[in-house]
Amino acid sequence: MSGLTHFDAAGHAHMVDVGDKQETRRIAIARGTIRMLPATFALIRDGKAKKGDVLGVARIAAIQGAKRTADLIPLCHPLALTRVAVEFELDDALPGVHCVVQVETFGRTGVEMEALTAVQVGLLTVYDMCKAVDRGMVITDVSVREKRGGKSGDWKAEDAAG
């Protein structure tokens, strides 16, 4: 891995110039989890939350989060996303919900930040819709699981050390 790219020689923050980079298909997959009380999990699983379809609303929020990443992260490039796929996995054993987001574009820079933002916004929406019954929910283990495309090539979390 090279040095930090968002700082110039004088140490000032700047947006990286990607103008000379080749356009390629870029994919990133991120994942995160929200743990909750069994009763809260049952409300989500059974579709009985007072605010409505928790995972349906969270899916739309995650998609919107991916699309708005450049507005939230100061040095992120605004990207024309070609796909945002959001999946929720109910986990009885936790109990909790896993959110997996795949973001794609055809461009000059990766979509890892968009995938991470989408996961966080989706899980924050679950929290918001259920906080009246469970203020102790915990969002955890948010990470990039995979990235494809670009000069640095493909990467999977299991390839990382530690």
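Yeah, the Cβs are placed from backbone N, Cα and C, and that goes for glycine too.
As recorded in Swiss-Prot:
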- ASP128: active site (ACT_SITE)
- LEU75, CYS76, HIS77, MET113, GLU114: substrate binding site (BINDING)
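If you take the Cα of MET113 (substrate binding site) and the Cα of ASP128 (active site), they are about 22 angstrom apart, rounded to a whole number.
The full span of the recorded substrate binding residues, LEU75, CYS76, HIS77, MET113, GLU114, taken as their largest Cα to Cα distance, is 13 Å. When the alpha carbons of CYS76 (substrate binding site) and the residue listed as 'active site' are compared, the span between them is 26 angstrom. A distance of 21 Å separates the Cα atom of GLU114 (substrate binding site) from that of the residue listed as 'active site'. Neighbour counts of Cβ atoms within 10 Å were compared across the recorded positions GLU114, ASP128; the minimum falls on ASP128. Between the CA atoms of HIS77 (substrate binding site) and ASP128 (active site) there is a gap of 28 Å. LEU75 (substrate binding site) is 27 Å away from ASP128 (active site) when you measure Cα to Cα.
Listed binding-site residues: LEU75, CYS76. The one with the lowest count of other Cβ atoms within 10 Å of its Cβ is LEU75. Same-chain neighbours of the substrate site beyond LEU75, CYS76, HIS77, MET113, GLU114, judged by a C-beta within 8 angstroms of the site's C-beta center, are, in sequence order, THR69, ALA70, ILE73, PRO78, LEU79, THR109.
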